[in-house]
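Chemist: First, the structure itself, so that you have it in front of you.
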Amino acid sequence: MKIALIAHDRMKEQIVQLAMAYESILAKHDLYATGTTGSRIMEATSLSLTRFLSGPLGGDQQIGAMIARNEMDLIIFLRDPLTSQPHEPDIIALLRLCDVHKIPFATNLGSAEIMLKALELGQLDWREVVREENEA
């Protein structure tokens with residue numbers, strides 16, 4: 001599965017802690033992240049991942065391009081709900097694309113943990129079927 005890890009500035013420590021706690025699960029998948037988030041995760045874990053630009057500089061859109069091609073299977077985007085984000089339209093576009101392509105989108109620590117536990121149990125394997133249907 002291809003998983004994107006994204007976090008707003010005030011949430012970066014939480015996503016690093018999440019990656020550390022679920023490293024054994026995440027290590028079995030192809031990981032992608034926006035710039036700073038990816039750097040922080042790689043510094044704290046032994047996970048390898050593909051890093052895109054920082055979110056406000058286009059990293060969200062790079063991940064969005066993969067979503068538009070139905071090349072992502074899970075998005076974990078720990079958002080800061082209390083701070084206005086200048087790239088909010090990009091975030092809304094990601095959410096919309098995930099809805100179009102039936103890609104799970106976790107926006108907080110609770111939903112991210114549930115998704116990762118479901119991933120471990122094989123409960124997101126249906127994504128492979130959805131991907132194949134869209135390729136046909």
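Cβ coordinates are placed from backbone N, Cα and C, and glycine is handled just like the others.
Annotation source Swiss-Prot lists domain 'MGS-like' at 1-136, citing sequence analysis. Among the features that Swiss-Prot reports, substrate binding site is placed at His8, Lys12, Thr34, Gly35, Thr36, Thr37, Ser54, Gly55, His87, with the record citing sequence analysis. If you look up Swiss-Prot, you'll see Asp60 marked as active site, proton donor/acceptor, on the strength of sequence analysis.
Map these features onto the structure and tell me what's around them.
Modeler: Sequence-distant neighbours of Ser54 (substrate binding site): residues of the same chain at least 6 apart with a C-beta under 8 Å from its C-beta are Thr34, Gly35, Thr36. Ser54 (substrate binding site) falls outside any helix or strand according to DSSP and counts as coil.
In the three-state DSSP reading, Asp60 (active site, proton donor/acceptor) counts as helix.
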Chemist: How many neighbouring Cβ atoms, not counting its own, are there within 10 Å of the Cβ of His8 (substrate binding site)?
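Modeler: A count of 22.
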Chemist: What does the structure give for the C-alpha distance between Asp60 (active site, proton donor/acceptor) and His8 (substrate binding site)? Integer Å is fine.
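Modeler: That separation, Cα to Cα, works out to 11 Å.
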Chemist: Determine how many residues of the domain 'MGS-like' (1-136) DSSP places in helix, in strand and in coil.
Modeler: 76 helix, 19 strand, 41 coil
Chemist: Note down the number of other Cβ atoms within 10 Å of the Cβ of Thr36 (substrate binding site), including every protein chain shown.
Modeler: 16
Chemist: Over the domain 'MGS-like' (1-136), what does the predicted model average in pLDDT?
Modeler: 93
